[in-house]
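S.K.: Please see the structure below; I have some questions.
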Amino acid sequence: MSILVLAEHDNQSLKPVTLSVIAAAKAIGADVTLLVAGHQCGEVAEQAAQVVGVQKVLLADAPAYAHQLAENVSQLLLEQAQGCSHVLAAATTTGKNVLPRVAALLGVNQVSDVLAIEAPNRFKRAIYAGNAIAQVESDESVQVLTIRGTAFDPVAATGNSATIERVDSVFESADVSFSHEALAKSDRPELTAASIVVSGGRGLGNGENFDMLYKVADKLGAAVGASRAAVDAGYVPNDMQVGQTGKLVAPELYIAVGISGAIQHLAGMKDSKVIVAINKDEEAPIFQVADYGLVADLFEAVPELEASL
Amino acid sequence: MKLLVAVKRVIDYNVKVRVKADRSDVDLANVKMALNPFCEIAVEEAVRLKEQGVASEVVVVSIGGKACQEQLRTALALGADRAIQVEAPDSPDALSVARILAKIAETEQPGLILLGKQAIDSDNNQTGQMLAALLNRPQATFASEVKVEGEHLLVTREVDGGLQTLKLTLPAVVTTDLRLNEPRYASLPNIMKAKKKPLEVKTAEDLGVTVGSKIRLLGVEPPAERSAGIKVGSVAELVEKLRNEAKVIA
């Protein structure tokens, strides 16, 4: 058996979620090859070579791979997956975009958003927005898996020195091109990697009031998230959404402010170690999952919280 | 330009799903079924493109038992022109669905294929991408804005870091995210009209596709329940608990 893993990165640094995907690969138990596809991403390959558990790093460095376009990266993965028993990527918007395309090219189904490895072809995954956990067995010749990062403890980022091999194949579709992007710039930790997350819901009332949460977050070194209601209302951008259809987080501490606790939000954060809810409605469902609930007006409680940190 | 929209019949998103007592599957007996919310957004986008004069016809397709005709009628009531039901066993795997859709696309020759990014039952998020691969066409998943410009499509996608815009050459495959649009409600006259719109029934065998189920469900279990903790009386008490009991803040 051998496992090909697609590295998640921004051409400068390897994203921590990749360390969790490697952990899943180790649970399968086979040699791990990490593919870094990007443009001017040599530094990422250097970091990838240090990750514990990686036997070999493949570096495909070409403009065609700069933006992780599914059409190009899937062809590269198809080529490199020859002879592999498993192909893995993180269940991020990048992995979810690319990997089903690889599965179809290989003529196999994909198992999405894997939470646990039971055997090399038997996995657990959440269905129905996390309301049920399915155990599935795949009869496919190659296992193509996207991995839920928060479900696996990351391997060590340093301590290894795997070989780096260059891949010269360039696949470039003429039918798609990158136009532009608007990426959120923030000095705060990334939502899915933060050990503390402070999230706001519709109770905040508007986008300006999220400033209160940013102040608390900065004192705690936390990331700031939001419920779907807050995103849909236009308070904050989509990349802050925590939930079934947004980001899945499992920090040490999750502080939900003015969030009622809709099922789809709970699906995105209920694996957090400690959950705090601040809401003025004591009947809000969020209190049913909170370790510490505070029934209070958030406009009084949040500034007080900030002051006491 | 013709538009093809694939839709799926799923449990209504307001229904709380429960695991069967024998843990063989979730219990779907007598629960309300509906059009998958992401598919509804795809239908709405197609209808809007037709209303803008960009598209000439909207064809909806669903794969499954006869019951999915109900969701096809819903899509017709929202403004689609005609429907195709592909009769197939329940729970076909995603690759089989993509293969069936690819066959339909070969016959219909749509300029654009719209699908929801995922179904809220299996949460697979893969059919659209697979279809694009099988057709060897470009894809734009998780779309929050779609603009047709001549032979091209500009699609803004919701990605983890923010928004990304791609330019695709038609024909192309687009999967919808939540903020692409807000689907309309079907009016009563449109629901009545939808009953008279054409609905064609095909079978997977007609299309030469053998429906597989290579991913076997061994069983399901309820998720680990979190029990409610305690209520604290003040911010000071909260901070004290977080520091000294939970030890999650310094």
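From the backbone N, Cα and C atoms, a Cβ is placed for every residue, glycine too.
What TrEMBL records for A:3-182 is domain 'Electron transfer flavoprotein alpha/beta-subunit N-terminal'. Taken from TrEMBL, the feature FAD binding site applies to A:Arg202, A:227-228, A:241-245, A:258-265, A:Asn279.
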S.K.: Tell me which of the binding-site residues A:Gln241, A:Gln244 sits in the most Cβ-dense spot, judged by other Cβ atoms within 10 Å.
M.R.: A:Gln241
S.K.: Is A:Gln241 (FAD binding site) helix, strand or coil when read with DSSP?
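M.R.: Note: A:Gln241 (FAD binding site) is in a strand by DSSP.
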S.K.: Please give the average pLDDT for the domain 'Electron transfer flavoprotein alpha/beta-subunit N-terminal' (A:3-182) in this predicted model.
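M.R.: Across the residues of the domain 'Electron transfer flavoprotein alpha/beta-subunit N-terminal' (A:3-182) the model's pLDDT averages 97 on the 0 to 100 scale.
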S.K.: Any same-chain residues 6+ apart from A:Arg202 (FAD binding site) with CB under 8 Å of its CB? Would you list them in sequence order, or say none?
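M.R.: Counting only residues 6 or more apart in sequence, the Cβ neighbours of A:Arg202 (FAD binding site) under 8 Å are A:Ser227, A:Ala229, A:Ala230, A:Ala233, A:Gly258, A:Ile259, A:Ser260.
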S.K.: Which residues in the same chain, at least 6 apart in sequence, have a Cβ under 8 Å from the Cβ of A:His265 (FAD binding site)?
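M.R.: Listed in sequence order, they are A:Gly201, A:Ser227, A:Arg228, A:Val242, A:Gly243, A:Gln244, A:Ile259.
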S.K.: Which of the three DSSP-derived classes (helix, strand, coil) applies to A:Ala262 (FAD binding site)?
M.R.: coil
S.K.: These are the binding-site residues: A:Ile259, A:Ala262. Which one scores highest on other Cβ atoms within 10 Å?
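M.R.: Per the Cβ count within 10 Å, the most buried is A:Ile259.
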